[in-house]
Amino acid sequence: PQCPQTHPCASPPAGFQDVHVQLLLSFGLLVAFLSRYGPGSAAIIILITAFSIQWAVLMQGMLFFFLSGKISVGAQSMVSADFCTAAVLISTGAVLGRVSPVQMLLLALLEVTLGTLHEFILLRLLGVSDSGGSLTVHTFGAYFGLMVSRVLYQPHKDKRKREEQQDKGHHKDVFAVVGTIYLWIFWPSFTSTTTAHHDGENWAVLNSYFSLVASTMSTFILSPVLHEESTPRMVQLQDATLAAVAMMGMAGEMLLTPFGALIAGFLVGLITPLGFRFFTPVLHSKLKIQDTCGVHNTHGLPGVLGALLGTLLTLLATADTFGYRLELLFPLVTQGSRTVTDQALIQLSALPLTLLFATLGGCITG
């Protein structure tokens, strides 16, 4: 049934098309970069996207868009389904090449169900502000996939697959070039599509772009220190781009100044390559987690840092600093039901809750 004109899902948001471009082009190319699985994995990504969107429309419709005994379908419900699908695609990046298409469909079926329940608890029951998905998309998707990878760990097969993937960096860079360009063009619109108010879109776009440019600069600075090449490869710039926008998921629409966005982007641009150099080997050797596409460093860690940054900005939220945005971002604070400190504690408590849902869900799915 069509929604009434007064319903918020009746008018498409400005970034509606950009969200779809991100899913099929940016995510599809970045997840499908392995030359051994390139064309095949790109097709699988389209399959997973098509299935996940349909299932997410039903699951989210029952909790978020259920009106008068019917699920209302509109632009906003499709965008919400796309966000849920993005978390599934992040998870597939951790197990790409190690599971069959049928297993990926099972992963999507279970993750969309658990992810929708997790999102309902955070956004509706607890009143957490996370419009860009630092927790609900990036952190949840990354650690869900990592736990699936941990359960599926098989040392002999993983060793053979790593050997097969050596000396194939050219195709990886070609995919990364196109995917990174699309990230730069469309991701700020992706993070601003579900903001609480129209003015918040401008803040989310600006903060995302400032974070992007700073993260890219820090990657160019740090790359010669960690690697022999004087110029970073496109894959490293792709990782910096993903990390920068993942960090702005929660904090993007908040009153983060350009200087603050630059500092945050610069720091996450340093943390991501350091994670690949030092933490990823530990992740594999000690924790037995084979992270095929490096989602922990590009989505997991930045998502956690984004949640911490959002908590800090929530503590600084006052009527003098936020103005009318305070009521739109934190309505329970302006209504007197909570203090700013209470809201900040709830924002912070959402992080361990997300990790709990992701790890338990990933273990069950694995």
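Just so it is clear, glycine is given a Cβ too, placed from its N, Cα and C backbone atoms.
Because TrEMBL annotations are produced automatically, they should be read as predictions rather than curated entries.
As given in TrEMBL:
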- 16-365: domain 'Ammonium transporter AmtB-like' (DOMAIN)
- 19-37: transmembrane segment (TRANSMEM)
- 44-67: transmembrane segment (TRANSMEM)
- 79-97: transmembrane segment (TRANSMEM)
- 104-123: transmembrane segment (TRANSMEM)
- 135-153: transmembrane segment (TRANSMEM)
- 174-191: transmembrane segment (TRANSMEM)
- 258-279: transmembrane segment (TRANSMEM)
- 300-324: transmembrane segment (TRANSMEM)
- 344-364: transmembrane segment (TRANSMEM)
- Message: Can you see whether the transmembrane segment (44-67) and the transmembrane segment (135-153) are touching - at least 3 CB pairs under 8 angstroms, only pairs 6 or more apart in sequence?
- Response: no
- Item | Overall pLDDT of the domain 'Ammonium transporter AmtB-like' (16-365), taken as the mean | 83
